[in-house]
Amino acid sequence: MTAGLLLDLLLALAVLGTAAWTLAARSQFAAVIGFVVTGLLLTLVWVRLGAVDVALTEAAIGAGATGVILLYVVARLRGGEAEISAATPSRAQRALAALLALSVGGALAYGVLSLPDPAPSLAEAALAGTAPLGLGNPVSAVLMAHRGLDTLLEAIVLVFAVLAVWSMAADHRWGGRPGPVFQREEHGPLSLLARILPPVGIVIGIYIAWVGADSPGGKFQGGTILAAMWVLPWIAGLVRPPSVTDWRLRLMIAIGPLTFLAVGLAGFVVAEGFLAYPPGFAKPLILLIEAAMTLSVAAALACLIAGPPERRRRA
Amino acid sequence: MSLLVGAFSTACVLAGVFFFVAGTAGLIRFPDTLSRVHALTKADNLGLGLIVLGLLPLAPGLGAALKLLLIWVLVVIGGATAAQLIGAAAARDEHAMPSPPSGGRGLGEGGVP
Amino acid sequence: MTATTPEGWLLVLALTLPAGAMLLAFVAGGRHAQRIALGALALWLVIAFAIALQVQRGGAPLAYLIGGWQPPLGMALRADGLSAAMLLTGAVVLLAVALFGRAPYATPRGAQETRAAYAYWCFLPALAASLAAAFLGGDLFNLFVALEMLTFTALALACLDGKPSQFKSELRYLLFALIGSVLYLLGAGLLYGAHGTLDIALLAGRTRADAPTLVAGALMTAGLIAKMALFPLHLWLPPAHAGAPAAASALLSGLVVKGAFVLLLRLWFWVLPAPVVLNGGTLLAALGAAAILIGSVVALRQERLKLLVAYSTVAQMGYLFLMFPLLAAGDAETASRAWLGGVLQAVSHALAKAAMFLGAGLIAASLGHDRVAALGGAARVMPITVIAFAMGGLSLMGLPPSGGFGAKWLLLRASVETGQWWWSLVILSGGLLTGGYVYRIVAAALAPPAPGCEARPVPRAQELCVLALALASILLGLVPLKDLGLVRVGAP
Amino acid sequence: MTGTDILALAACGLVAIGLYGLVAQAEVLRKIIAFNLLGAGVFLLFGVVARRGAGAGLAADPVPQAMVITGLVVAFAATALALVLTLRLYQITGAATVAEDPPEPTAPDS
């Protein structure tokens with residue numbers, strides 16, 4: 001057990017160290033790298049905590065996709081030194097901030113360490129509620145059935161976010177394709193990668209989404225990989241994203257929550273009620289929703305990465 | 001037999017870890033971008049390759065073994081592309097006067113899952 | 001034990017109808033988006049009315065178990081009097097604002113889809129869905145998702161004009177809102193760790209004044225009051241609300257901040273144990289009192305009409321916090337009075353403030369500016385708007401007969417009855433200060449036009465939307481108190 | 001002290017670091033990174049709670065895990081939104097902070 005304890009201690013110190021380094025980093029670029037490293041270390045922490053599903057999500061979305069959009073903005077953002085130094089808080093303000101952070105962290109530590117032992121848990125109930133659905137992964141069962149409303153609302157939140165990002169565009173850019181223009185380099189390493197990786201990546205993405213029903217994985221993790229496989233050829237300049245007014249793109253983004261909503265409402269007729277699954281048909285219905293959601297997650301994440309339309313409307 | 005396999009695995013993983021450490025040391029110690037990238041990708045590809053090799057005999061089935069190999073192949077491809085892009089960017093910076101990077105160059109890692 | 005009530009399906013409908021409408025509007029776009037949104041919002045009002053009717057008639061909360069799963073593993077939607085009243089308010093305000101927005105966000109036949117109109121008609125049903133989730137949710141984590149939905153919607157609506165000056169204040173708002181959500185989530189995590197559930201009804205029976213619960217309560221309260229812009233965390237609100245387009249300001253000030261308010265009530269009067277409420281309530285009310293006085297004084301000194309109205313929101317939100325110590329301290333009847341007063345204040349402020357922001361927007365659009373000193377002539381060009389604005393002001397002041405009067409009178413009485421008379425001084429001086437700034441505007445608007453001032457007429461339909469909201473806030477005061485029993489259903 | 005306790009303290013530390021960065025740093029981009037560190041700390045706390053609730057043959061309570069997955073996606077969407085606002089603010093005004101503007105000169109309207 002001591003080896004495990006030592007590993008936990010090392011991981012904890014490494015996470016805190018890289019997080020502190022992220023704040024202290026001299027350039028914004030370095031800060032983003034620090035953040036991504038922290039995220040990857042956190043992935044290990046999640047494995048240590050026995051949460052492999054979360055570890056996959058953290059790697060794909062927490063460190064991966066978030067890191068990509070941070071880098072993307074850093075590359076285009078050059079703040080004025082004078083403005084930043086004028087806005088930098090004074091020593092006293094920073095001391096106050098440190099005091100605030102320490103007291104919140106301290107209070108939290110006090111609260112966490114006095115949590116009851118043995119801890120209350122829904123593990124048993126969740127496990128008992130997984131088998132009737134025909135699923136093997138209790139986390140997926142919680143996401144799709146017991147707390148299905150959370151997942152439905154979250155899928156809708158992604159649509160909100162895409163729409164909000166698009167609506168930040170300049171008026172005359174409306175109808176254009178999302179994101180800036182990337183130059184195409186016919187023989188560059190990036191376009192080579194963008195040609196050979198997607199076939200493999202798409203298979204992996206679908207695989208990870210598919211196995212989610214019974215083992216770690218699922219629509220968010222798989223969808224993120226699919227999104228990456230779509231963004232890569234955009235950045236390499238090989239393909240152009242569809243216009244924001246293209247209804248096919250919009251349908252792709254909305255099909256997941258729409259399917260979820262439709263199956264949920266159908267529960268009024270064919271099952272006991274909203275978001276209830278008819279006995280025996282739970283797994284196929286859940287797989288149907290997961291398939292539609294994977295597509296939507298991929299499209300939504302890709303659009304969130306690309307950003308608002310920045311080029312002209314098609315003639 | 002199992003003792004032999006265990007020894008082989010341990011040796012491979014230890015060797016892999018050694019290459020990782022060496023690569024990281026190179027990343028920190030080498031003076032310029034190109035040699036740093038060189039040290040890192042070479043050592044990491046080799047290091048990961050050895051670790052995968054060490055884990056292969058322990059894989060529960062053919063599927064798991066193939067997945068391990070796939071991971072290595074993907075990392076090699078991703079690492080090679082990233083190294084090319086970083087190298088090209090470094091060369092650009094040396095030839096031209098330092099200029100603000102344009103567009104989305106340097107985002108090569110974006111596609112690697 | 002929660003069980004699905006016979007009319008529980010109405011709650012599902014209240015949530016899924018606007019959500020589905022938003023998704024369809026998102027895909028269809030253009031002119032269809034407007035039609036879908038208007039139809040859905042009209043239907044939503046009917047549903048909200050039906051829910052209120054059922055709650056009032058049955059005298060008991062409605063509930064629906066999602067998928068038939070019993071909490072703690074499953075989740076429930078619940079509608080007590082508070083939910084029903086806030087849902088109905090939200091539906092009235094949203095429909096009025098939607099009708100108001102038909103002119104500025106129209107897509108003429110055959111014209112290409114425009115950014116602002118598309119976003120407006122998608123985000124109105126989105127806001128309805130977010131409010132439904134926030135008012136009906138019975139699970140603290142589900143409510144976190146609802147809070148985030150509200151944040152995204154509010155942000156997008158506020159940036160509708162794409163004005164450069166707006167981006168900075170909205171970014172500041174977003175940072176505040178995100179800190180608020182994260183602190184809230186932190187507390188929710190602790191509560192789950194301590195009690196093994198986030199279902200509000202189950203937590204109500206399980207919490208004790210132990211360390212995790214206290215820390216969680218403090219973190220969640222801090223997060224929520226940051227979202228409600230309670231003094232001293234109020235600085236983000238005035239620029240964010242005043243800089244938004246009129247329709248968005250009305251929704252932000254009228255409805256969005258109320259989402260966090262309902263969550264705060266749920267947290268304090270259902271989840272937290274009684275001794276905490278008794279002691280902590282006074283602190284919240286003290287901050288609220290400071291908000292009332294400082295917000296009103298700052299509003300009095302504003303030179304811009306929309307900023308003035310936004311600072312008035314800071315002050316009026318302060319009143320909501322006065323109910324906390326009164327509820328905890330009094331006997332059953334006093335507590336019930338304080339409860340009714342607080343909720344009535346939330347409802348009447350939503351109606352009145354929406355009317356005032358829409359009115360201010362019309363005035364600014366007509367005159368081409370919103371400087372208070374140069375409002376002369378506004379009353380001649382748009383008498384209806386100025387009257388509606390003044391009616392909203394009456395409600396904020398707490399003059400009879402208005403919803404605001406009922407609210408402030410009930411709070412006043414409860415504060416005297418519990419012996420906490422000092423709150424009544426705050427209520428009275430807040431009313432006087434409010435009278436001051438409302439008078440300033442109305443007097444300026446009634447003044448003869450300055451030479452060279454050319455005011456453009458505004459569409460009559462828009463004026464009528466403003467008037468309808470203002471009338472609703474006044475008529476609320478004419479409803480006999482016993483008929484407001486709706487709000488008391490399921491009260492703590 | 002168990003391994004889970006150590007990771008619990010790491011979660012508290014991440015929350016403190018993120019909160020400090022969010023308040024004390026000037027550049028919006030760094031604030032957004034700090035927000036993500038803060039969020040990571042919060043999710044880690046859920047992970048600790050899940051781990052403490054291990055039972056019935058599961059390594060961790062699946063309910064908080066599901067919440068974290070939901071939360072991570074929501075946090076990503078919030079980050080994307082904040083970054084787009086940051087970029088637009090920079091493109092239009094050249095500003096990289098959200099500091100108060102100097103008081104507006106009372107210029108004539110329209």
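Cβ coordinates come from backbone N, Cα and C, glycine included.
The domain 'MrpA C-terminal/MbhD' annotation in TrEMBL covers A:14-78. Sequence annotations record features per position, and here TrEMBL assigns domain 'Na+/H+ antiporter MnhB subunit-related protein' to A:190-296. Taken from TrEMBL, the feature transmembrane segment applies to A:29-47, A:54-75, A:95-113, A:151-169, A:190-210, A:222-239, A:251-274, A:286-307.
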Calculate the per-residue pLDDT averaged over the domain 'MrpA C-terminal/MbhD' (A:14-78) and state the result as an integer.
-> 92
The transmembrane segment (A:222-239) in contact with the transmembrane segment (A:95-113), cutoff 8 A, at least 3 CB pairs, sep 6+ | no
May I ask which of the stretches A:54-75, A:151-169, A:286-307 has the most CB pairs under 8 A with the transmembrane segment (A:29-47)?
-> A:54-75
Where among A:54-75, A:95-113, A:151-169, A:286-307 do we find the most Cβ pairs under 8 Å to the transmembrane segment (A:251-274)?
-> A:286-307
Which residues of the same chain, at least 6 past either end of the transmembrane segment (A:286-307), have a Cβ under 8 Å from a Cβ in it?
-> 61, 65, 68-69, 72, 133, 135, 140, 144-145, 155, 158-159, 161-162, 165-166, 178-180, 205-206, 209, 212-213, 218-220, 222-224, 226-227, 230-231, 234, 241, 249, 252-260, 263, 277
Which residue counts does DSSP give the domain 'MrpA C-terminal/MbhD' (A:14-78) for helix, strand and coil?
-> 55 helix, 0 strand, 10 coil
